[in-house]
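Undergrad: Dropping a structure here in structure tokens format, bear with me for questions.
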Ligand SMILES: NC(=O)c1ccc[n+]([C@@H]2O[C@H](COP(=O)([O-])OP(=O)(O)OC[C@H]3O[C@@H](n4cnc5c(N)ncnc54)[C@H](O)[C@@H]3O)[C@@H](O)[C@H]2O)c1
């Protein structure tokens, strides 16, 4: 039996309360880590069109954050930019790559080739962002043995060998909620240390394993909450302006 702890729920969770060791041994808040991925996307886009240096303001705008936050985030990397010049795009790209552990192409296993798994397997964006889907796994005998994007779909019973052979540290879990914990346990025993979980269930994992949860329905619920607030405010507006008109009227 695996020693277990509750996962930290990344969606709407306590992102800022968690931190990881930075390159200069200062800890980097989880929320900063998430923004580093966004800065990286912006920097890679700039590099592609030949931008050599970028001001904190321009990079912040491209990433959709304010520049004070960006400067603070990048200071965790020991990167302060040059006053009046800004950041060297290529250097900063390398630095963030290294911090996120993307300097080596990462092998990822996709577990569960249903509707969602198939869509993710076909997503070209993983490769361009440093990830290589190197194994696709399912339990359905009708799918196992077929090929998707050149890869054979392998059986979940062979997970141990697959993880070892392909040197997989990260798995994407797109199986039904009812089997997610069981598959997660198998992944952990096989040596996987990071799991991106799409199944709507809380996974229990040992302390050395990181779980990130993606929950699009929860994101929609958050949007619904804000939308509700906006509607409530809009409903109040005419009443408020109506009463002020009466107050200043003759
Ligand atoms: N996070 C989100 O926003 C989001 C969005 C859509 C779906 N989901 C979740 O993602 C999961 C997959 O959804 P879907 O619509 O692709 O389901 P699906 O039923 O189409 O696919 C599930 C796949 O998992 C395979 N499977 C079942 N048991 C397995 C096992 N023990 N080992 C390996 N593979 C196994 C099935 O054979 C199937 O191919 C579900 O848990 C669903 O709730 C999450």
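Any Cβ shown, glycine's included, is placed from N, Cα and C.
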Undergrad: Out of 38-77, 78-117, let me know the one TrEMBL marks DNA-binding region.
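TA: That would be 38-77, the stretch labelled DNA-binding region in TrEMBL.
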Undergrad: Where does residue 115 (NAD(+) binding site) sit in the DSSP three-state scheme?
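TA: DSSP assigns residue 115 (NAD(+) binding site) to helix.
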Undergrad: List, in sequence order, the same-chain residues at least six positions removed whose CB sits under 8 Å from that of residue 113 (NAD(+) binding site)?
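TA: 121, 136, 137, 138, 140, 143, 148, 153, 174 - these are the non-local Cβ neighbours of residue 113 (NAD(+) binding site), listed in sequence order.
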Undergrad: For the binding-site residues 112, 115, 116, which Cβ has the most other Cβ atoms within 10 Å, all shown protein chains included?
TA: 112
Undergrad: Name, in the order they occur in the sequence, the residues of the same chain whose CB lies under 8 A from the CB of residue 114 (NAD(+) binding site) and which sit 6 or more residues away.
TA: 138, 174, 175
Undergrad: In terms of Cβ proximity under 8 Å, which residues at least six beyond the ends of the DNA-binding region (38-77) contact it?
TA: 22-24, 26, 28-29, 32, 85-90, 92-93, 95-97, 99-100, 102, 129
Undergrad: Taking the recorded NAD(+) site as 112, 113, 114, 115, 116, 117, identify the other residues of that chain whose CB atom sits within 8 Å of the mean position of the site's CB atoms, giving them in sequence order.
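TA: Surrounding the site, in chain order, are 118, 119, 120, 138, 174, 175.
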